[in-house]
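A.B. asks: What follows is a single structure, and I will ask about it in a moment.
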Amino acid sequence: MPFAIGQRWLSESENALGLGVITALDQRTVTIYFPAADETRIYAAAQAPLSRIVFSKGETLSHQAGWQGEILDVQNMNGLLFYLVKTPQDEDVIVQERDISPIISFSQAKDRLFSAQIDRSSHFALRYRTLCHQQAQFKSPLRGLRGTRAGLIPHQLHIAAEVGNRVNPRVLLADEVGLGKTIEAGMILQNQLFAEKVQRVLIIVPETLQHQWLVEMLRRFNLHFSLFDEERCNDFDLDAVNPFMTESLIICSLNWLETHPNRVEQALDAQFDCLIVDEAHHLVWSESAPSAAYLLVEQLARIIPSVLLLTATPEQLGQESHFARLRLLDPERFFDYQTFVKEQKRYQPVVNAIESLLANKALSAVEKNHISDLLLEQDVEPLFKAIASNNDEEQHRARQELIQALIDRHGTGRMLFRNTRQGVKGFPHRVYHQITLSEENDKIDWLINFLKLHRDEKIFVICQTAATAIQLEQILREREAIRAAVFHEKMSIIERDRAAAYFADLENGAQVLLSSSIGSEGRNFQFAANLVLFDLPTNPDLLEQCIGRLDRIGQKRDVQIYVPCAKDSPQIRLARWYNEGLNAFEQTCPMGMALFSQFEDELEKVRSNSTALSENEFSELLKQTKTVREKLKIELEKGRDRLLELNSNGGKQAQALADQIADEDNSPELVNFALKLFDIIGVEQEDLGANSIVISPTGTMLVPDFPGLKEEGVTVTFDRELALAREEMEFLTWDHPMIRQGIDLVASGDIGKAAMALLVNKQLPAGTLLIELIYIVESQSPKGLQLNRFLPPTPIRLLLDNKGNNIGEQVAFETLHSKLKPLGKNIANQMVKMARGNIEALITRGDQLVKSLAEPIITEAKNQADQQLSAEINRLQALRAVNQNIRQSEIDILEQQRTQSLDELSKANWRLDCLRVIVTNKE
């Protein structure tokens, strides 16, 4: 059928878009606007997956003005349809097709049944189960949290859930090293992407961390970012195209933007929804002279709605630098440094009261006064009485209520998340082994002997350069046939993947991984617990980064750290300074770089010449370093903000969230569904044992391509622990693109839309007709409203007997399906033709019955949306009165969302999605 502007068409692959209208045409493409979803699609005219919508005489037509009427006649003029319709006021009016409502209930299942496109009964079952799973996943509070390739760390899950659910979050992530700020940022981002709150993301990082972020986003979150640099952008300059508009997920370096102001202008014009800045503490600021890098990020942060800053802890930064970060997030709130300092002091006495509440101590009069001053709008006297009572349950409830109220009103608690190792339990110990050798050349012999003594252990060796790592691999292979993998920054991501997989293989893998000091950035090897520092890192931050490859949450054993050095060498003195001065091998040292800077001149002498300092002078350096470190440590402990820690780690709620995901990990539901999905689609499965399978495409699949399935096949696992150890495997969860897109493939396609089956039942007369009808209740609304959390596509199942009675509640789906037998396609087609009149009558009956089942679902969704959005608005309005960190713009957006959401839910409708005709026989 030829296209014409103004015609109405339906997308066969995206029914939820509603009824579209052609807005533009050329020889090769057709452009269609879908008003219900406010989306535009461009299709190749020759192969457009579209269905022309033509209504017939006698059908009901819905006008975009909201009224409905019966069609009396249809006329075609130059390819456009004009309908003569009787209005509710009994008037005959002509309706052009462009005026038809974009929200349409369209039953393709019936068309497929009567046009001999009948599927197998098992395909119908897959479709119904898929629809049920789709609904459950949209409603799940774990959506966007469970799919990360990472251990279930409560504080990370808490931050991801808390920040990810906000509208346009602007926060500072300031956890200590090793607590997973990158993972937190990725989980927040994934949560926002899943909820369709953001679509376009810009990540700005130091140049050396670009590949680390690229790897982390892909391996942990299945997010495909693009690296941008000058060479890539130059390709678009000739076409006068803004390069930042060519991709949705972009990573670039801060240094590149600094040196190319024109690229900053292009980034500002690219309408990003979310900005993430790593190492934000390097953005130098003072009131009189902010740095160029700071001003650059400030420009972007002003116009991009969501901002995540990853930074060192406030204690490491100092107050002024910490204020500068907060100023990027909310310049109106944090406008003056001295005002900020005074406000912070106001909260210090409250921290002491929090300590008493946490320790179940009685509150002093002074502590009560401080709490009352901060909670002026709340009558806290009943809570104080409950705390002083003898009722343990009342005491606990009152303490928790007070703590929560204080957290909500904390000066920066809503914007700042900072966890410390002291506040987060579960870390292993670090055990330092100093290996003193006679000569520098003895290192290789020592390493070979060490590897031979620990043949059953995985050993991670860090060298200064890639060249050293490559040389060592050759020596180990040629001299002792020791299996070693090499890992360095000159390798491609795929090559590093292979090396990591070779090292991770517990049966036939490498015993040792030889890595350059920066080659392993972004990679974690918790399955190994032995670290050899063949060359010492040149500063404390690099040292912590190297140890952090093994010493992370999730490490099950104590980390053994071996440092081989020649006696009287610069390296052994540097090792002693790290150990005796900083205690940096066996503990994290937040003040390490500050001490490194303070003693930089002396350390330069140590590194360049082992005799530049006498033994007495070196001993004095160790003593001074230790003294300053202890002093700084005491100051840091005094400044501990328990209120902030409580807000950051999530407490019992965070643990409950982790437990929920663990329970889902252990459930067989996903495994059963995925294997059935692969089986019916025609994906080949090869069981590898050890909780993993290889899936490969075949020439007999029901679809041309299965999402995420490579031609050479993919190894997948449903086991979180195995996925952490084997990065080359895909970790399948309900959030994985392969599962989500597999669900979409079935739900939005034609698989199982119309089926027929035989029920052998001696108690029913032969030829008895039953029909199973699956309707979908849904809202065709703009994605940004995220109405799927209130009303996801919801299946309603009817099972009608030959008299039109719904017996679905008496006969469960799985019970019925297990008793059905397949019918040959020719027989099925003949029976449909013979019973067409009865089938049509039963479908009409189903259309009448479903209304009473669908309307309560829509009403419940409206009530849920009203309650949830109103509660959040009321909470934020109450908090804004006492905590200026609540932005009025955030409340305004929520109020707009509430009004628009209720309006869209009122327009929700239902449609027949699929059906199964069942015929009985005695045998």
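Just so you know, glycine gets a Cβ as well, placed from its N, Cα and C.
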A.B. asks: Which stretch does Swiss-Prot mark as motif 'DEAH box', out of 90-93, 278-281, 818-821?
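C.D. replies: It is 278-281 that Swiss-Prot annotates as motif 'DEAH box'.
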A.B. asks: Tell me the coarse DSSP state (helix, strand, coil) of LYS181 (ATP binding site).
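C.D. replies: The three-state answer is helix.
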A.B. asks: Which one of these binding-site residues has the most other Cβ atoms within 10 Å of its own Cβ: VAL177, LEU179?
C.D. replies: LEU179
A.B. asks: Under a criterion of Cβ-Cβ distance under 8 Å and sequence separation of at least 6, what residues of the same chain contact LYS181 (ATP binding site)?
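C.D. replies: Expected: LEU173, ALA174, ASP175, LEU310.
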A.B. asks: Using DSSP, what is the helix/strand/coil residue split across the motif 'DEAH box' (278-281)?
C.D. replies: 2 helix, 0 strand, 2 coil
A.B. asks: When neighbour density is defined as the number of other C-beta atoms within 10 angstroms of a residue's C-beta, which of the binding-site residues ASP175, GLU176 has the lowest density?
C.D. replies: GLU176
A.B. asks: Out of GLY178, GLY180, which of the binding-site residues has the smallest number of neighbouring Cβ atoms within 10 Å?
C.D. replies: GLY178
A.B. asks: Hey, for the ATP site built from ASP175, GLU176, VAL177, GLY178, LEU179, GLY180, LYS181, THR182, who else sits with CB inside 8 A of the CB center?
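C.D. replies: Neighbours found: GLU184, ASN419.
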A.B. asks: Taking only the residues in the domain 'Helicase C-terminal' (443-597), give me the average pLDDT of this model.
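C.D. replies: Per the prediction, mean pLDDT sits at 90 for the domain 'Helicase C-terminal' (443-597).
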A.B. asks: Looking only at Cβ atoms, how many others are within 10 Å of the one on THR182 (ATP binding site)?
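C.D. replies: THR182 (ATP binding site) is surrounded by 20 other Cβ atoms within 10 Å.
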